[in-house]
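In Swiss-Prot this protein carries:
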- Cys141-Cys373: disulfide bond (DISULFID)
- 150-261: region 'Catalytic subdomain A' (REGION)
- 319-381: region 'Catalytic subdomain B' (REGION)
- Cys364-Cys441: disulfide bond (DISULFID)
- 476-607: domain 'Ricin B-type lectin' (DOMAIN)
- Cys493-Cys512: disulfide bond (DISULFID)
- Cys536-Cys553: disulfide bond (DISULFID)
- Cys578-Cys596: disulfide bond (DISULFID)
Amino acid sequence: MGSITVRYFCYGCLFTSATWTVLLFIYFNFSEVTQPLRNVPIKGSGPHGPFPKKFYPRFTRGPGRVLDPQFKANRIDRLMNNHIEDPDKGLSKSSSELGMIFNERDQELRDLGYQKHAFNMLISNRLGYHRDVPDTRNAECRRKSYPTDLPTASIVICFYNEAFSALLRTVHSVVDRTPAHLLHEIILVDDSSDFDDLKGELDEYIQRYLPAKVKVIRNMKREGLIRGRMIGAAHATGEVLVFLDSHCEVNVMWLQPLLAIILEDPHTVVCPVIDIISADTLAYSSSPVVRGGFNWGLHFKWDLVPVSELGGPDGATAPIRSPTMAGGLFAMNRQYFNDLGQYDSGMDIWGGENLEISFRIWMCGGKLFILPCSRVGHIFRKRRPYGSPEGQDTMTHNSLRLAHVWLDEYKEQYFSLRPDLKNKSFGNISERVELRKKLGCQSFKWYLDNIYPEMQIPGPNAKPQQPVLINRGPKRPRVLQRGRLYHLQTNKCLVAQGRSSQKGGLVLLKTCDYGDPTQVWIYNEDHELILNNLLCLDMSETRSSDPPRLMKCHGSGGSQQWTFGKNNRLYQVSVGQCLRVMDLMDQKGYVGMAICDGSSSQQWRLEG
């Protein structure tokens, strides 16, 4: 009898313990009341430690919908779980080794990022949704003040298959660096993206961690950037429309200069200076102040600023008249955007719309300026990671519409370069022709004479080139060290396989010859390794299995950016791997890249 009593007592204890365990699990996993705020790591990133406190997200509750528990368990918990495998390999957001590959999973994520997005998604994910960026404005801009009665802004961001981390970093940068009373709303237009994380997971994140003024509109089919922006603008209710790309980061005091000019003249369209975010390293760097132009192939180009634009009393902070805009980032009074005809809805997807709206602004009574005191960073990719839905050449289609509506007799300059397009169909332009008449627009000759006199017209009577600001070229980076790149284990030096001047040539290990100047490397403050003062050591960002080669120095970092780290390793920033000797026993001396492990095959020293 006693044994039976003890047995049931034990059963009771077990049942009670199990009940409390279940209750505590439910409470801590599903309660939404008074849970402590914590850093939100990025899904899919590699191992790294916690980021500094100043980078922690500032959470703001979105609209209070009842959350589905299963969704929370499967999506949001996975979003918060960074799958940290080795916290000792912690990396700060400013680390040059933020893109380091630790395992095959990191390598797959990095390679997938270049394939899907044409930039380093591994680094993007590790950066998180908040980071500090350098204030790249001229010092005079920091002393400027702006009116208190500025108009409110609707930020329109159209995206298609964007990287989740890049999109949210764009949104958070706007929320973090825009005064709340000026930010009327952020409208995200999903142009029928295919990626799952841009659907329910994005909605849930916005609901939980962003203000209610962040809204998502989803197109039922692919409309393209042009019509996507028109859809976003149709939903906007702020006084000013600000269009941004989906892989940007706005800088400090970015919005106030734009709004101040529009407050002064609602018929003025303004663009920020577009700073550079490297596609390979995501490093943020300043851009020079230039202005937009175009060529007779109807492609946008950047021009130096004419001397005539630089003599005003405001000096380096003065707005710069720009004949055209790049198109990705600009602000415009919402009513003026509608009155001026929005975009040409007959244009498809992307391409040419920036020139069309630029010509229309100037020819129909408006103004277009670039503002040096407004800065926005933009990831500049080397290619577009996606095409048109049907594979059509939208740039040609859109350029033809532009030429036939706005160029008048100067469209023959375009057709002289593209005679194959003279009889190509471009759709019905009657509405746009009628719009031009209704707005009472000037001729294209007026535009060339008054807005872009620097534009050359080929022919025997070509006008002389107008003077422009002298460009003295970029300053040469300072040399930090000069010597032979010595491999500690083999006692050999890294040299060119053939001539040191051969572009695309391989490098390998050979016996060091201290009398041979072609074995001498220069390491400079831009982290370039230059052999014989001729070519840079370069890696393919998209084919990390390829060996390093000697290529012309491009000065953009990324594929030519190397750092000497601990354990004498030579780390390639954009590839995220270290230089190694392929086989220590092989006399051929071939080198390649591998996951950094501090092994003897990866130990190098630059010796004078």
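Positions of Cβ are set from backbone N, Cα and C atoms, glycine also.
As the structure is a computational prediction, the values presented were derived from the model and not from experiment.
Sequence features, as recorded in Swiss-Prot, placed on the structure.
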residue : record         : Cβ contacts under 8 Å, 6 or more apart
Cys141  : disulfide bond : Met253, Pro257, Ala316, Thr317, Pro372, Cys373
Cys364  : disulfide bond : Leu340, Arg436, Leu439, Gly440, Cys441, Gln442
Cys493  : disulfide bond : Arg484, Leu485, Tyr486, His487, Leu509, Lys510, Thr511, Cys512, Asp513, Gln519
Cys536  : disulfide bond : Glu528, Leu529, Ile530, Leu550, Met551, Lys552, Cys553, His554, Gln560
Cys578  : disulfide bond : Gly565, Arg569, Leu570, Tyr571, Gln572, Met593, Ala594, Ile595, Cys596, Asp597, Gln602
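Packing around Cys441 (disulfide bond) is summarised by its Cβ count: 19 other Cβ atoms lie within 10 angstroms of its Cβ, all protein chains included. Taken as a whole, the domain 'Ricin B-type lectin' (476-607) shows an average pLDDT of 89 in this prediction. The Cβ of Cys373 (disulfide bond) has 24 neighbouring Cβ atoms from other residues within 10 Å, across all protein chains displayed. Secondary structure at Cys512 (disulfide bond), taken from DSSP and collapsed to helix, strand or coil, is coil.
Ranking the disulfide-bonded residues Cys512, Cys553, Cys596 by C-beta neighbours within 10 Å puts Cys596 at the top.
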